[in-house]
Each structure stands twice: as C-alpha cells, then as structure tokens.
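Taken verbatim from TrEMBL:
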type	residues	note
ACT_SITE	D155	active site, proton acceptor
BINDING	L44, G45, T46, G47, G48, F49, G50, S51, V52, K67, E121	ATP binding site
COMPBIAS	1-10	compositional bias 'Basic and acidic residues'
DOMAIN	38-290	domain 'Protein kinase'
REGION	1-24	region 'Disordered'
Amino acid sequence: RSEMKMERKNPRCFPPGPSADGRVSPAGIAQEALKERYRLGSLLGTGGFGSVFSGTRLADGAPVAIKYVSRDRVRFWGELPDGTRAPLEIVLLAKVSTGCAAVIQLLEWFELPSCFLLVLERPDGFLPEEEARGLFRQVLEAVRHRSSCGVLHRDIKPGNILLELATGQLKLIDFGCGAFLQDTAYTQFAGTLSHSPPEWIHHQCYHGEAATIWSLGLLLYQLVVGKHPFRRGRRSFRGVSCSHDECQDLIKRYLSRQPCIGRPWKMCSVILGCRMFVCPRKWERSMCRL
C-alpha cells in the first residue's frame, strides 16, 4: 500500500468514460486529486496484472475499486482516441465502458511515475437466489457488447463477475488479459490456464470468439454444478446432471472439442430464448462459489 502514496509529480489523467454522476472529468487533473477524491481501503485481491483495493469516493460516499498496475508489469500498450498512449487494459475498458450496464465502468485513471491507477465502479453485496435467474443472460449481453466494440476479454470466469445487491446487475470485470478482436487465430495465450480451450492445449492457437464460447460453457457448468468440470487434468466432458434438458444440451454444445468458429453467437441466441436453463435447487450452492 505504501507504493500507492501520491508524490508531487506531473501525472496525467485521461477519463475514458462518464463518471457516476454522468459527467466527464476534465483531463490534466493534478496528482493530489486522487487523494482529494478517494479514500483508499483494504486489499480486495491480487493477480498477475496488479492489486485491487477497495475505495470510497469522498464526494458522495460511493464505493469504488482502485486497481494498482505497476508500470514494469505492463506488457501491451494501445492508443486512446485522443492519441494518448496507455496500457491496453485501459484502452479496452475505454471502448466498452459505455453502452452496456453489464460491463464494469472505468470512472477515470491516473498515470503516476511508477504505476497506473484505475478507478472502477464497485458493485457491493451478495446476490439472493431469487434474483439469480437472469445471471447468465446478463453474461451473454456483456459478452455480445464487448464483441460489438471489437474487444476480446479472454478471461471470462466466476472470479471476474461481480453482482450488485440492490439491483441484481451483473458486471464483467478485469480486462487485463484482453485484446482487440481479430478474425485470425491468436498464437499467444492470456487468461486462466484451467479455462483455456482444447485447441490451445493441443495446437497452441485459438480463435477469439470460439474460445469465448468455451469459456461460457465452463461458466454455465460452474453455475449449475458448483465446480469446474475438468479436474486433475481430465479434459473430456461427461455431461451434467440437471433437471432441464436445455441446460444439459447447451453445456455439451459449448464444451465441444470442435471449436465453434463459424457462427458462435447462434448458441447465445438459443440460450437467450430459454426461460429455465438452470437447476433451481443448485443455485444457492453455485452462487456461493462465485
């Protein structure tokens, strides 16, 4: 936490999207503004791309998440619409932070001499079982939105989904493994290895949307069963015990060893048309594992 102390240097802050009150903060905010606007809280978690702390916006008490990314850990860079060079995660979040409530909103970001600080909205609380029916539908909406923005997430999993208690609104978070969407195959892996598609394991390449379909299958399985389908190196899917045939069929199709390259979002349309695609008795256990 000591690394996040504010020094009197010349920072740059370029807001990529609207703040919570609907207005865009002006660029060129002084470095002291971070201390003046936010109160840093406890550590929420750490990962390969940085650490995330809880925070509070002093103006209205709104909860935020403050992500610390060391400059020397930034591997990929991009360019914002105004020509500013920034870490690719910030560029991708800038593209998807408006137009879809199911994607985490980047409120603003700060460039400091040794790191970048991303200020993100922070949904608070747990999701009651009765509000969980539309969870996967919201995941699909978030995934289709980022696809329309030309962005690939590459790390869709329960740990990257937040849920708002008051509204039941889902948020897809952490674009640290993301990339721009391309038609050709990717030859570098980014994400969680246990969620990688079979084509990466066998051929060290994958198509973005096909890999996303695989990730969605893993996520749906984890929701209805409460655990990862492939444990201890087992990569064959033997099915899932579920009272709804639609759910079983969709999981089998999503976890096919043949990558869905042609029209992957036809499967999403099938799911969006299903009213009951989860086992009600298993929701409570599944949600506790998120």
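The backbone N, Cα and C atoms fix where each Cβ goes, glycine too.
TrEMBL labels come from automatic prediction, so no person has curated them.
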In whole Å, note down how far the CA of the residue listed as 'active site, proton acceptor' lies from the CA of L44 (ATP binding site). 18
Out of L44, V52, give me whichever of these binding-site residues has the highest number of other Cβ atoms within 10 Å. V52
Please report how many Å separate the Cα atom of V52 (ATP binding site) from that of D155 (active site, proton acceptor), as a whole number. 17
Would you measure the largest Cα separation among L44, G45, T46, G47, G48, F49, G50, S51, V52, K67, E121 for the ATP site and round it to whole Å? 21
Looking only at C-alpha atoms, tell me how far T46 (ATP binding site) is from D155 (active site, proton acceptor), rounded to the nearest Å. 15
Here the Cα-Cα span from E121 (ATP binding site) to D155 (active site, proton acceptor), rounded to a whole number of angstrom, reaches 19
